[in-house]
């Protein structure tokens, strides 16, 4: 049902007059909750033409027509809508790049004519830097606003500051003189809900009242968040990174980066984080930054009219999003390059770096955490690591890989069940149930009650002389005469053992709840929950190694470098390595992840442990499946995304994948000068294809070019309105010269200006390995399959995705194996020397299936259709 709604959403495919209708943002479906089925999506029959690199592309927006018959050029002026795309379609990268080169040549040719033209040229050259500057400024400002609001609303679940309602718990007690070092979080200005309601600060009644208010606020925030998403912006749910990756690959999802999505995602992200759900705000911040980039790109015609150029801005925006999420500008650029971007030229690298720099500068100026850092859990370590510690670091990498493989399979299975059952029809109820379970279980455990970012901060922090956490409850050496920065390893006290048990329970809780939380209809990031799981596991391992080194310092693995009274092991470092390993196991990020975590710690000497853990987690995770969580969700939602990381090692040919197939309708084509306006309109109304190959004639059958369904429709409607004499019987001409017509014939319609004269073609025996590589590197939507210049069929992006899915599931393709197709395609001319006639210009004459095949004449399929 959902895929059918998506199919009919933009316009009814057989409706001729509704093709130019545009839908508003409010009418858009929730992309994260829609299965874009290959059988019903509009891209299934995507027949838009592409060109090879370096070819001259005549398919401009109603561009000039190189013809001597100017009296018949009825489409000299640009036609609004020609060259644009419908919703849920893939852009033509080659065409967009050609349009941009033509625009650039036009500007350069005019800049010396006048001062005004020179000013326009300079404005065009600087518009890229202006748009990424605005994107960085907006991203940094919104990130600071989200951080401040989320901290305040998180503390609102526990109490309120009477002296200043806008202060969170920590800010409320900053100016108090009644606080002590041991109880620095307690001050008269901060009142818990139990103190305000029943007047008790301690005791069972106070605990129960705080418990009830914690659950009440958590459910209120969660309900408000899901309600706003459902009513105003369905696209504001989820992480957004799978959809961002798909959009950057060339897919059109209108409204996903719109102003309503930005507004609602910013508000609901604060509510979702404050509700205590097992999610983070770092992933959705990438979506927020991309929304800013998309909105600002409309201020500059260079980007608003070119979808490929707009995606360069979105790549820079994603780098800015990670920059403000983790305080890692360089890591943000590498994240955009490694994880989300599909097309990343060198100038985009520079602009991404600049956008990340601006965003980080703005966030640093806001200083949302009051620690002069860009993130809450920034830490610095002073103890070096030793070679023996690589072994537990690698073990943490193994744990991260196993966690990643388990999470991907469990979460995808749950999301698939949500889509296929009635439970998915009640998103508000699901969010309320998950929030209620999370709040009820989280409150008794102090480590799950904490905000996840604060939990990671506590786990990362090394135990110094000023730390009062239970994790630092070691038995002190009574002979110590002074306080030093590097405290020697000490035996663990009761508080440490109690904290370990609580952390074990928190680890189980986080693992289970994250599986069910990621994918619900509220903004939900995965970075922070994954890092929290790894940090918990790493801290436990770090404490265990620390105590092992203390009690068995005479072992050969310790005695060379860990002396009695020395500070050998840093449990916080293990937490950081575990966090990186678990995040890498889920996302399969490598270089960018190491740089992000490195920028969090500010120390170069921990690069090797991080690299070892991250690579181990990737190898272990890849052993169970090469897909990361974002690629898995892209495949679950059916987005047309060709992952460049996948290798194609099969021996199939283009003929095995092309359409039409056996028992399919014949390929609909146009002739360059033998069809009328009525013929073309009937073909548009009777078929669902988005483009048609143009051949010379019924006799020749040679490929001339490719015409888009949308451009044909718009051009014909424009000609009927603006030109006199265009009727249904008017001859349509795609050739450069119009053939001679009888005097009484109606005025012909020349459509050569909308014809792609150089569509990308491959032969029927081209290996699919090459075809897939061409689609990935050129960003093709489709390519035509020919044999001796005759069009046999077409391969679209969806056809390739279907084929890859069949091969992945070890299902034999519908077409015969490659060796079966050898010499099975008809030559241009038959044994009698005459061209082969075709029905509807492409269908072969009936051939007796039982007739023996010869070297001169063999048929493509067992039926009579091609």
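Cβ atoms here come from the backbone N, Cα and C positions, even for glycine.
Unlike curated entries, TrEMBL annotations are predicted automatically.
In TrEMBL, the annotation region 'Disordered' applies to 818-866, one of the ranges 769-817, 818-866. Check TrEMBL against the ranges 477-498, 499-520, 609-630, 631-652 and you find transmembrane segment recorded for 499-520. TrEMBL lists transmembrane segment at one of the ranges 168-190, 191-213, 214-236, 352-374, namely 214-236. The transmembrane segment (428-447) makes contact with the transmembrane segment (214-236): 3 or more of their CB pairs lie within 8 A, with pairs spaced 6 or more apart in sequence.
For the domain 'CBS' (755-814), the DSSP counts in helix, strand and coil order read 23 helix, 19 strand, 18 coil. The stretch with the most CB contacts under 8 Å to the transmembrane segment (386-408), chosen from 284-301, 313-337, 532-553, is 532-553. Against the transmembrane segment (126-150), the recorded stretches 256-277, 284-301, 313-337, 499-520 differ in Cβ pairs under 8 Å, and the greatest number is found for 284-301. Across the domain 'CBS' (658-722), the prediction's mean pLDDT works out to 85. Using a cut-off of 8 Å between Cβ atoms, the transmembrane segment (313-337) and the transmembrane segment (532-553) share fewer than three residue pairs, counting only pairs 6 or more apart in sequence.
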